[in-house]
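Visitor: Pulled these features from TrEMBL for this protein:
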DOMAIN    57-402  domain 'Amidohydrolase-related'
BINDING   His65, His67, His211, Asp299  Zn(2+) binding site
BINDING   Glu94, Arg146, His184, Glu214, Asp299  substrate binding site
Amino acid sequence: MKILIKNVDIVTMNEQNQFYERSNIVIEDNIITHIGDIGDINKNKVDYEIDGSNKLAMPGLINCHTHLGMSLFRNYADDMILSEWLTKKIWPAEAKLIAEDIYWASLLSMSEMIASGTTTFCDMYFFMDQVIKALDISGMRASLARGIVEEDSNSIYKIEENEKLFNEYNDSLNGRIKIMFGPHAPYTCSPEFLLKIMDSASKLNASLHIHLSETRNEVEESFRKYNKSPIKHMYDLGLFDLHTVAAHCVHIDEEDIKLIKEKNVHPVNNPSSNFKLASGFSPVNRMLKEGIKVALGTDGAASNNNLNMFKEISMASIVNKAVDNDPMSVTALEALNMATINGAYALGLEKEIGSLEIGKKADIIILDMDKPHLCPRNNVYSTLAYSAYGSDVDTVIVDGNILMERKEFKTIDIEKVKYMVKVNSMDLLNNR
Ligand SMILES: CSC[C@H]1O[C@@H](n2cnc3c(O)ncnc32)[C@H](O)[C@@H]1O
Ligand SMILES: [Zn+2]
């Protein structure tokens, strides 16, 4: 299959930040094989053409911290702090989840992400076989971890489930799935239990996905219990010797930042979730200035309450300027990097996705630029970070397959998905 995207503006997000005006992209099977003039392309051999007039192509966005199943709980538990939100509302509701809930909620979350330009996500939740079933249908790319909370001495089965998931699915669906291990947090997993997870993950050469230093309370508790910060606690345990995606990293000090840098930990900033739960502000600019490749995420739809990465890009850039009292803090380009190439680094996929380059996987989004709020386009990065909405995304391609074209879903029956989520959510929250 050979696809030609014709006459399109291209933001590559490559190292040189190359930008092409009214140019072309050729995709052969799942790979980008040409960017630029089409003089030497044999147009007869093109199977499918996409007209890129008044449109802009850029790398698909990478949402590095999600809990897809939580879209069942969208607008269900709001205006609370994290500890109460989790213990009083979310965990009791999650205890009643069944496999079918996760299947439909995951498809709904994938629809929302596709519609707003995300092509890859990094998920930690339950019933991950259902997420994989939904991923197979949607055509997206993902790194998935079975979320592991240590409840009692029987909790070891959760690590075994994560191992099974790895053995069955890592690298499956044409390489669109990677399996990670998902210890929830240092406050829900003891050091001994974390060591067991690390042992399993390192035997399989798998990465970790964990929540770290999200609230002031978490850090204070860590000092009370271990006499060190959550970051230092993980460092001393050796957790960072494995490739680690660390969601949040809000309440971190200079010492923590040094350790994150030394161990090449991948922090994920989740601005909307952190602000809505009043968790605080992560020192994103400080980390970026240290050369740490901070990635970006939405967290779940129960705390965000959307899965729209354009909202997070704008939020990350604008809020950090206000907090740092510095308009240069987290520039438009830096925020876009967080949502693309830094995300690819966080998932160990920097050679495959995160920028539009010849030889990389064809994960491409195309925005309709013919809109009043995108005119005039004096600076393309400012336009994308400060003016664009997720709803400007017109066409989405993952692994060379078209998942949405001219706003029409190609792989998901969205009406059925919305109906099934409403039915399941109502049953879960009212009857079970
Ligand atoms: C064990 S699966 C994931 C687990 O994480 C919970 N969760 C969702 N958002 C957050 C957050 O911001 N901090 C900590 N934990 C969170 C979710 O409800 C699942 O139980
Ligand atoms: Zn989370």
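All positions are counted from 1 along the displayed chain.
Cβ atoms here come from the backbone N, Cα and C positions, even for glycine.
Looking at the shown structure, what environment does each listed feature sit in?
Guide: The average pLDDT the prediction assigns to the domain 'Amidohydrolase-related' (57-402) is 98.
Asp299 (Zn(2+) binding site) falls within neither a helix nor a strand when secondary structure is assigned with DSSP, and so counts as coil.
Packing around Glu214 (substrate binding site) is summarised by its Cβ count: 26 other Cβ atoms lie within 10 angstroms of its Cβ, all protein chains included.
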Visitor: Let me know how many other Cβ atoms fall within 10 Å of the Cβ of Arg146 (substrate binding site).
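Guide: By my count, 26.
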Visitor: Just the binding-site residues from Glu94, His184, Asp299 whose C-beta lies under 6 Å from any atom of ligand 2, please, or none if there are none.
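Guide: Passing the 6 Å Cβ check against ligand 2: Asp299.
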Visitor: For Glu94 (substrate binding site), which of these binding-site residues sit within 10 Å, Cα to Cα: His65, His67, His211, Asp299?
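Guide: Passing the 10 Å Cα cut: none.
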Visitor: Just name the most isolated of the binding-site residues Glu94, Asp299, going by other Cβ atoms within 10 Å of its Cβ.
Guide: Glu94
Visitor: Among the binding-site residues listed here, His65, His67, His184, His211, whose Cβ has the fewest other Cβ atoms inside 10 Å?
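Guide: Candidates: the binding-site residues His65, His67, His184, His211. Fewest Cβ atoms within 10 Å: His184.
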Visitor: How many Å separate the Cα atoms of His211 (Zn(2+) binding site) and Arg146 (substrate binding site)?
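Guide: It is 13 Å, counting Cα to Cα.
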